[in-house]
Amino acid sequence: MSRLQFQLQATDGHARRGRLTFPRGTVETPAFMPVGTYGSVKGILPEHIRALGAEIILGNTFHLYLRPGLDVIGDHGGLHGFARWDGPILTDSGGFQVFSLAHRRKITEQGVTFSSPTDGARVFLGPEESMKIQKVLDSDIVMIFDECTPYPATEDLARRSMELSLRWAQRSRDAHDGLGNDAALFGIVQGGVHPDLRSRSLDGLQSIGFDGYAIGGLAVGEPEHERNAMLEHLHPRLPAECPRYLMGVGRPEDLVEGVARGVDMFDCVMPTRNARNGHYFTSFGTVRIRNAKYERDLDTIEPGCGCHACSSGYTRSYLRHLDRCNEMLAPMLGTLHNLWYYEKLMADMRAAIASGTFVEFRRSFYAARGATTPPLPGETS
């Protein structure tokens with residue numbers, strides 16, 4: 001039996017306010033999970049992550065398996081001890097990273113053989129191997145091993161990929177249970193941008209039975225309207241009593257639109273990666289700190305923001321100087337700000353759903369950016 005409990009506390013339209021409960025802690029939803037690819041969220045300490053409002057982080061099975069390897073992580077009792085993070089952790093299965101290798105992999109019914117990006121060695125990864133790795137990592141949410149359907153993909157290619165992922169889903173379930181792992185196991189809905197394939201994928205996953213359902217293959221270059229159409233198609237079909245996770249999607253607008261379509265969980269490298277490139281998220285849009293107009297700008301990134309960078313008074317001028325000099329403090333402060341912004345955005349959406357004001361929140365979100373609120377299904381612009 002899984003250690004995960006999910007309680008749906010409120011709805012407003014399709015937006016959902018809930019709570020995930022694990023032995024290691026509670027996660028309020030909708031939630032954004034900072035990505036710690038190699039066991040750390042780049043540039044900040046675990047205690048900073050918690051102070052920013054994050055309650056769960058993501059670890060990368062593929063990269064941690066290759067480096068430092070399971071023996072080293074096992075010496076620490078798992079990923080929590082290794083990374084010094086005592087809250088819940090979700091680990092992906094490695095499927096997306098294998099997908100991203102493109103020309104360096106070979107997919108068969110059994111799994112995927114690929115050249116390691118670290119040393120070029122041939123490595124095999126399949127459902128059973130992924131479940132064994134995640135058992136050693138001792139994550140709180142385990143993802144099944146799947147094939148991420150590319151975009152664009154013909155319907156025939158998307159169908160064959162989805163059917164392979166379903167067979168791997170059953171093997172993942174069997175291996176996870178066979179290992180006696182009581183962590184939550186999430187299925188991943190595939191099928192590209194084809195509604196009928198998405199329905200078939202979800203039906204197959206539900207017949208196997210999972211603790212939560214992720215929506216995969218929607219951060220691979222598809223237009224926003226096609227992504228939203230798939231979320232709208234899946235919303236009434238996904239089991240209301242289970243958490244829903246939109247994988248790898250993470251612009252602020254994407255989070256708002258995902259929540260509006262019933263998504264509970266998100267992850268993305270965008271807030272941390274963009275911080276390292278001098279792009280800082282605010283309620284009025286993105287501050288691109290390398291622009292010359294910020295050279296003598298004495299404002300903080302976002303006046304009134306409660307993050308460490310803004311509340312301490314670091315100016316845009318100073319941050320631009322640090323960035324131009326390649327000082328490591330620039331991405332550190334930028335990361336603190338961006339993750340604070342993301343976590344506050346999620347907290348504000350949770351409050352709006354609970355109070356029945358999500359429609360007004362969504363309008364205000366776009367108005368602050370000088371943008372028109374895009375209509376939801378059934379609305380007119």
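Glycine residues also receive a Cβ, built from the backbone N, Cα and C atoms like all the rest.
Substrate is bound by Asp92, Ser93, Gly94, Gly95, Phe96, Gln190, Gly217 in Swiss-Prot, and the record lists one more residue there from Asp138, Asp140, Asp146, which is Asp146.
Of the listed segments 7-11, 87-91, 112-116, 272-276, Swiss-Prot assigns region 'RNA binding' to 272-276. Between the candidates His233, His235, His337, Swiss-Prot assigns the Zn(2+) site shared with Cys305, Cys307, Cys310 to His337. Among the residue ranges 171-177, 248-254, 374-380, the one that Swiss-Prot annotates as region 'RNA binding' is 248-254. The CA atom of Ser93 (substrate binding site) is located 36 Å away from the CA atom of Cys310 (Zn(2+) binding site).
DSSP assigns Gly217 (substrate binding site) to coil in the three-state reduction, placing it in neither a helix nor a strand.
Every protein chain shown contributes to the tally, and the Cβ of Cys307 (Zn(2+) binding site) ends up with 25 other Cβ atoms within 10 Å. Cα of Cys307 (Zn(2+) binding site) to Cα of Phe96 (substrate binding site): a span of 32 Å. The separation of Gly94 (substrate binding site) from His337 (Zn(2+) binding site), Cα to Cα, is 29 Å.
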